[in-house]
Every structure is written in structure tokens, then in C-alpha cells.
Amino acid sequence: MDDGIAIVEPIRDTRIELPGNVTNDFCYIDIGLHSPGIWGSGTENFLKFVLPRLQLQLVVIFTLTQSIHLLLRRFHLPRIVSEILAGIILGPTILGQFPDVQSTLFPQEGDVYLDLLSKIGYIFFIFLSGVKMDPRTVLRTGIKAWTIGVLSVTVPVTGGLIISILNQQKVHRYRWPAYKTIVGIQNLFPFPVIASMLVDLKIMNSELGRLALASALISDLVSNLTATIISYGRIGLMGFAKVLIMHSAFLTLGLILFILFVARPLCLWIIQRTPEGKPVSRFHIILMSVLVLVVVLLTDNVGLNYQYGPFLLGLAVPDGPPLGATLEDRLETLISGLLAPLLVTYCGMNVNLVELYDLKFIAVVWLILAICLAMKLAAIFIPAYFCKVPVKDAVALAFCMSAQGVVQMSFYYYNAVNQTFDGETFSMLTTSVLIQAAAANLVVKSMYDYSRMYTGYQKRDIQHTSPNSELRVLSCAHRVDDVLAAKKLLEASFPSKESPLAVYALHLVELAGRAHPQLIDHQLGQKSSGGTRTQKMIEVLFMFEQQYLGFVTVQQFTAMSLTKFMHHDICTVAFNKLASLILLPFHRKWNHQGKMILDSSSLRAINCDVLDMAPCSVAILVDRHKIRRNASSTYNVSVAFFGGTDDREALAYGRRMALSPGVHLTVVRFVPWDIYAGDSQWDAVLDAEILKDTRMQGAHQENIVYREERVKDGAETALLIHAMEEAFDLIMVGRRHKDDTPQLLGLSEWNDLPELGPVGDMLAAADLSTPVSVLVVQHQNVKAL
């Protein structure tokens with residue numbers, strides 16, 4: 001189908017008057033766009049109409065892709081494998097063996113629409129990839145990432161040039177353009193592909209993930225710069241080189257100047273017109289989308305690959321809120337979830353593994369791919385090893401940075417359209433992307449285990465921390481309210497000269513409009529871009545440190561990452577700082593009237609992940625301090641003790657609080673009627689030991705009260721717990737208890753929040769308007785050791 005032919009509905013004729021002396025003849029073109037439907041006239045097959053056929057094609061493509069992905073994801077294979085396999089199934093390799101079906105569902109004249117949709121999707125995908133990248137990160141990157149990033153490009157590029165020079169006379173001249181293009185594409189290190197792989201493997205915030213992202217960012221920029229230099233060098237080897245180089249350089253410079261002096265000022269103008277804390281308006285998003293298409297048009301006319309323009313434009317857009325974050329929020333799902341994967345599937349639909357003729361060159365292609373992959377793996381592994389990266393991690397890093405994905409596929413397809421690659425070569429290259437993507441994921445998954453870093457990490461809890469030694473607490477916060485609640489609890493933890501307190505404050509900010517997670521250390525003078533909210537949280541804890549100067553030390557950090565990976569940041573900081581307790585805010589919030597105003601499922605997921613992975617004890621603070629009661633100089637704390645390791649940890653924290661004269665501690669032990677039921681013999685011994693120490697401490701301190709309550713089952717326990725709500729400012733409970741604990745019999749059946757345990761869940765009920773706060777404590781997780 002030629003460009004410029006008008007497309008109309010079948011009920012109309014399109015008449016194109018021909019120029020010249022043909023004045024009375026017309027060209028009639030009848031192209032069905034919309035089907036008249038089942039009630040329309042005629043019995044023509046609806047698949048002969050463009051729009052319904054395209055809609056059915058999209059349904060078939062995405063249904064097949066998702067079905068394959070559901071089967072393969074349990075084997076930790078990436079989504080791109082499913083997309084390529086779906087394309088191969090729908091292409092000439094399998095569906096092509098049934099010509100009538102393929103010609104009906106995917107006729108050749110309909111390829112133009114899938115091709116157009118896939119290209120538009122990829123254009124915006126590469127634009128969003130540039131938006132998420134922060135080139136300034138390169139300046140803050142350490143020597144290790146610089147070494148790996150630069151050598152991973154220069155060594156394979158040098159090796160590729162040597163191989164090309166040595167084999168130039170051995171390769172047929174008709175195959176030479178394909179040969180050198182394959183070598184060039186293999187030396188790319190696209191940041192979006194590597195970042196996407198780290199997200200799929202859930203290791204973006206790990207030590208390996210951060211090193212891979214930093215190295216990939218450097219590699220991507222260096223490889224693109226190197227490719228540009230090599231392209232100009234090849235032009236220089238031709239005749240009339242100066243004219244070509246000057247012409248190409250002038251047009252490229254003009255494109256860059258347009259982006260710097262037109263597009264970027266426009267982005268800054270949009271940001272200035274957006275109120276703080278508000279998203280960018282819909283009009284401005286449409287304006288940016290039009291600008292992307294304009295840049296693509298300019299890039300194509302300059303003579304560059306069409307994807308370079310949107311990528312450079314994305315780099316010029318300030319990352320993060322408001323513009324970068326809003327662009328990602330509005331476009332990410334449609335582009336990355338729908339349109340960009342269409343390019344991969346469409347490429348797979350052009351793969352023909354049945355009709356292969358030039359087997360000799362096919363063997364050459366696979367040999368080139370193998371040599372280039374070996375050079376890349378060695379160029380990454382060796383520098384990483386000499387930078388003292390563990391061997392397994394260095395291997396995982398090498399495969400991670402050598403992964404291939406949608407960016408390589410776009411280059412392969414671009415060269416296939418330009419006839420640099422024939423059908424056989426393109427089929428082999430697409431198959432190689434499938435194999436390398438699958439192999440890289442499997443190798444990295446098997447070689448790198450994030451949780452093993454906690455091996456041998458023992459006795460990081462409050463029970464084994466002497467009352468006269470420093471207590472290290474990692475306090476996490478999403479909002480200013482979280483900081484104020486944690487401050488009140490820390491004040492009750494008796495910071496003094498004899499019992500100092502080390503607070504590591506981690507302010508958690510959701511990563512928006514960025515691809516590179518950040519862990520900012522404010523002690524090093526690094527500043528956060530989290531806005532005024534983060535600054536207020538920092539100021540609150542700074543004043544707390546000044547209030548207890550000499551007794552409290554506060555170190556503040558800001559973690560900017562995706563919500564589903566925040567638990568990695570929390571556990572990493574806790575591990576590195578040797579914390580004994582992680583303090584987490586509850587995912588529900590109440591206002592002054594006791595009405596619940598926030599119930600965040602994402603924050604709840606973070607807490608659950610930390611409970612599973614934490615290298616030390618964890619406490620979830622259910623804060624109701626806003627529900628004011630009569631002011632009192634005494635902070636009334638109670639520990640509900642049922643027995644077990646978590647209850648002992650809660651009691652140990654309560655005893656430390658009781659060292660403060662402003663805290664009144666009441667320990668309530670719930671005893672079953674059958675004193676021999678419930679806990680194991682060893683647990684009973686440990687419970688008796690800590691309770692004995694508590695009674696002895698109470699004999700010397702008037703602010704400690706110990707009492708026992710006999711209960712038959714969970715119903716009686718619930719009545720007593722509810723009676724305690726009005727009497728105390730804070731109730732501390734353990735999270736986990738044995739299933740056969742008679743005092744809690746029946747409560748587990750009504751447990752809506754397992755992360756709080758049966759007692760904590762009862763005290764954190766959404767409809768509970770009493771002013772009592774709750775601290776649910778979990779002792780150091782044995783599985784993390």
C-alpha cells in the first residue's frame with residue numbers, strides 16, 4: 001500500500017483526479033475502515049475492514065503474550081521472552097504453516113498499522129527512558145562504576161574493530177554491511193534494558209543493582225559517544241569526506257541546539273507554571289507529547305536513527321517531580337505495558353525459522369554473536385574482580401550488563417527495514433535476543449542472592465543490648481506525622497549519659513520520574529530533592545538531637561526508590577549501621593477526632609517485606625497521638641505478656657523505657673488456667689527468667705508494676721485488653737505466638753492484619769477511636785540469620 005492513498009469508509013468512493021492530460025478518468029479506491037456491524041448490509045467478513053481487524057490483532061497478540069508470560073514467569077524468565085515467542089508463534093514459523101489463517105488474521109497489507117503503532121510506542125518508550133535518567137549521576141558515581149563502565153565499552157569496541165579489520169577480506173562484500181552492523185549493535189549497553197532487568201529480578205536497590213545501574217549509565221553514554229565517533233570516522237574514509245562530515249555534524253548540532261535552547265526552556269517554563277506539590281496539567285503533557293513527535297521528525301531528517309532524538313529530549317527534561325514524574329505517571333502504563341512491547345512481538349512475527357538458505361553466513365552470525373558476548377563478559381568481569389567485587393557478584397554483574405532487550409531489537413528492525421539485514425539474518429538476531437535475555441536472567445537469579453548478606457548476623461536485638469550501652473534504632477518515616485510519633489517514642493526510651501541512643505533516621509520517598517534509586521546521606525552534605533516535606537522531617541529530628549545533646553546522636557538519610565523495593569533500603573541501612581531495632585510506621589493514620597484518614601496498601605506491603613527480611617528486631621508503631629487526652633507529665637506504658645520470643649523482646653524494650661522517671665510501666669502477664677499449657681519448656685524457662693528480672697527491677701523502682709491476669713480463652717483476653725485501652729498511652733505487644741496458646745484461642749480467626757499478630761490487630765482496628773498507641777514488636781527473624 002503506497003503512502004498518500006486516502007482511506008475512507010466503504011460506503012463512500014475515494015476519487016483521486018490524475019494530473020496531466022487524463023482529465024476524465026478517476027482512480028476508485030475502496031478501503032474498508034469501519035465494519036457496518038452485524039446489522040449492516042452485506043455479508044462481507046468483518047476482518048476485511050481495517051479497524052476491527054487491527055483490534056482483533058491486538059487482542060490476539062496481548063492475550064497470547066500474557067498467557068505465555070504466566071507460564072514462564074515461574075521460571076524467572078523476563079517478559080521479552082514471552083513477547084518474542086508470541087511473535088514467532090504468530091509469524092511464518094508456526095502460524096504461517098496455515099496460510100489461510102495467517103492471510104485472514106494478519107494479511108500483508110495490514111502490517112503497516114502494527115508497524116506504525118509499535119514505532120510510536122517505542123518512540124515514547126525511549127523518551128521516557130531518557131526522562132528517568134539523570135546524567136548528573138555520572139558526576140557522583142564512584143571510581144568502581146567508572147572503571148567498569150568505561151572498560152566494558154572500550155574493550156569490546158576495540159576488539160570489534162580489530163575483528164572487523166581482520167575479516168573484511170573474508171566476508172562477501174554484500175554481507176559486509178550486515179557484518180559490521182552486527183558488531184556495532186553488540187557493543188551497545190542500553191540503560192533501559194538493564195534497569196528493566198533489575199526491576200524484574202527485584203534487585204534494583206541491592207548493592208549489585210546500584211553498581212549495575214551506575215555502570216550501565218556510564219556505559220550507555222560512552223557507547224553512544226563511541227558509536228557516533230566511529231560513524232564519522234567511516235564517513236571520513238569515503239570520498240568527499242569533508243562535505244559529508246560537515247553536513248552531518250552541522251545538522252546534528254542543530255538538533256542538539258534545538259533541544260537545549262527550545263525544548264529545555266519549555267520544560268522549565270512548564271515547571272514554573274506548576275504549583276508546588278501539584279502534577280503538571282493535561283495541556284502541558286499534550287504539549288510535551290507533540291514536542292516528542294516534532295523531535296522525531298527533525299531527527300529523521302537529520303539522518304540519525306529516529307530513536308536518538310527522543311532519547312536526547314528525555315535527557316533534557318528535568319527528572320523527578322513535577323514534570324518527569326507526571327510524564328511517567330500518565331504515559332508509563334500505556335507505553336511500557338502496551339505499545340513498546342508491541343515492537344518486540346512484531347519483530348518476532350517477522351522471524352522465519354523454517355526457510356533458511358545461506359547456512360554458512362548464519363554460522364558466521366552466531367560466531368560473531370558468541371565472540372562479542374565473550375568480549376563483553378570478560379570486559380565487565382575482569383575490572384569488577386579487580387575492584388574487589390566478589391566472584392559470584394562479578395559474574396552476575398557481567399551477565400546483567402550484557403543482557404539484550406527492546407533497544408537492540410529496535411536497531412535490528414531498523415536495519416532490516418533498510419535492507420542491511422536480510423530475513424535470515426534478522427531471524428537469527430531476534431532469536432539471539434531471546435536466548436541472551438533468558439540466559440542472563442537465569443544466571444543472575446542463580447548467582448546473586450540478596451538475602452545471603454545477613455548470614456552470620458546474630459544477636460541484634462534489645463534483649464542482648466545492655467541497659468548501659470548504646471541502643472541503635474533505625475527510624476523510618478514517610479510523612480512528618482511519622483517523625484513526630486517516632487520522636488515521642490524515642491523520648492520515652494530514656495536517652496541519657498548512662499544509656500545513650502543512636503538514631504538512624506531513614507526518610508522514604510517514592511521514586512517518581514527517575515530510574516536510578518538514591519540513598520542520600522545528609523551527614524555528607526548531600527541534599528534531597530524530596531521537597532519541603534523531607535526538609536521538615538530533617539528539622540524535627542535535628543531539634544530532637546539538640547534537645548538531648550550528648551545523649552542522642554542522629555544520622556539522617558533519604559531513600560528514593562520504588563515502593564516495592566523500599567524494604568531493601570531499610571534492611572541495608574539497618575545492617576550497615578548495626579541497628580538493634582527497626583521502627584516502622586503503621587499504614588493507617590487517624591485525625592484528631594479519631595477518624596481514619598489513611599489506609600495505604602503499599603506501606604503495608606513495605607512493612608510485611610521488612611518483617612520477613614530484617615536483620616534485627618522490628619517494631620510497628622500504631623500512632624494515635626493526635627487523639628489528645630488530658631495532659632499528663634507521666635507517659636503510661638503497658639506490656640501485654642503472653643510468652644514467647646517476641647513478648648520477651650517487647651518487655652526488654654519496656655524495661656529500658658522504665659529507666660526514665662517520666663515513664664510508668666505496667667507489665668500484665670496473661671496466665672492460662674492450665675499453667676502447663678501453651679509454651680514449650682524452654683520458652684517457659686526464658687519467660688520466667690525475664691519476668692523474674694522485671695519483678696526484681698520493680699522492687700527497686702516505683703514506676704514499675706507487675707500483675708497477672710488469669711484467662712480461659714481469647715474472649716476473656718480481648719475484654720481485658722480493651723479495658724486497658726483507656727488507661728495507657730502506649731501498649732506494647734509481641735507479634736508472634738504459638739497457635740496453641742490458650743490465652744489467644746479464637747482470636748486468630750478474626751485476624752485481618754497478620755503482620756500485627758492477634759493482639760496487635762485487635763488494638764489497631766480501624767474503628768477504634770481510643771487514644772492509645774500500640775507498638776507491635778517482632779524479635780530478630782531467625783530465617784534472616
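Cβ atoms here come from the backbone N, Cα and C positions, even for glycine.
TrEMBL does not curate its annotations; it predicts them automatically.
Segment annotation: TrEMBL labels transmembrane segment over residues 84-100 (candidates 84-100, 475-491, 560-576).
Summarising model confidence by region, the domain 'Cation/H(+) antiporter C-terminal' (636-780) averages a pLDDT of 82.
Packing against the transmembrane segment (84-100) from elsewhere in the chain are residues 60-61, 64-65, 68, 106, 344-355, 430-431, 433-434: each is 6 or more residues past its ends and has a CB under 8 Å from a CB in it. In this chain, the transmembrane segment (283-304) lies close to the transmembrane segment (112-131): three or more C-beta pairs between them fall below 8 angstroms, excluding pairs fewer than 6 positions apart.
Here the transmembrane segment (361-382) has Cβ contacts under 8 Å with residues 148, 151-156, 159-160, 163, 171-172, 175, 179, 182-183, 186-187, 215, 394-395, 397-399, 401-402, 424-425, 428-429, 432, 436 of the same chain, all six or more residues outside its ends. The stretches the transmembrane segment (211-232) and the transmembrane segment (112-131) are not in mutual contact, being linked by fewer than three Cβ pairs under 8 Å (pairs 6 or more apart in sequence). In the domain 'Cation/H(+) antiporter C-terminal' (636-780), the DSSP tally of helix, strand and coil residues is 60 helix, 35 strand, 50 coil. With helix defined as DSSP H, G or I and strand as E or B, the domain 'Cation/H(+) antiporter central' (501-625) counts 46 helix, 43 strand, 36 coil.
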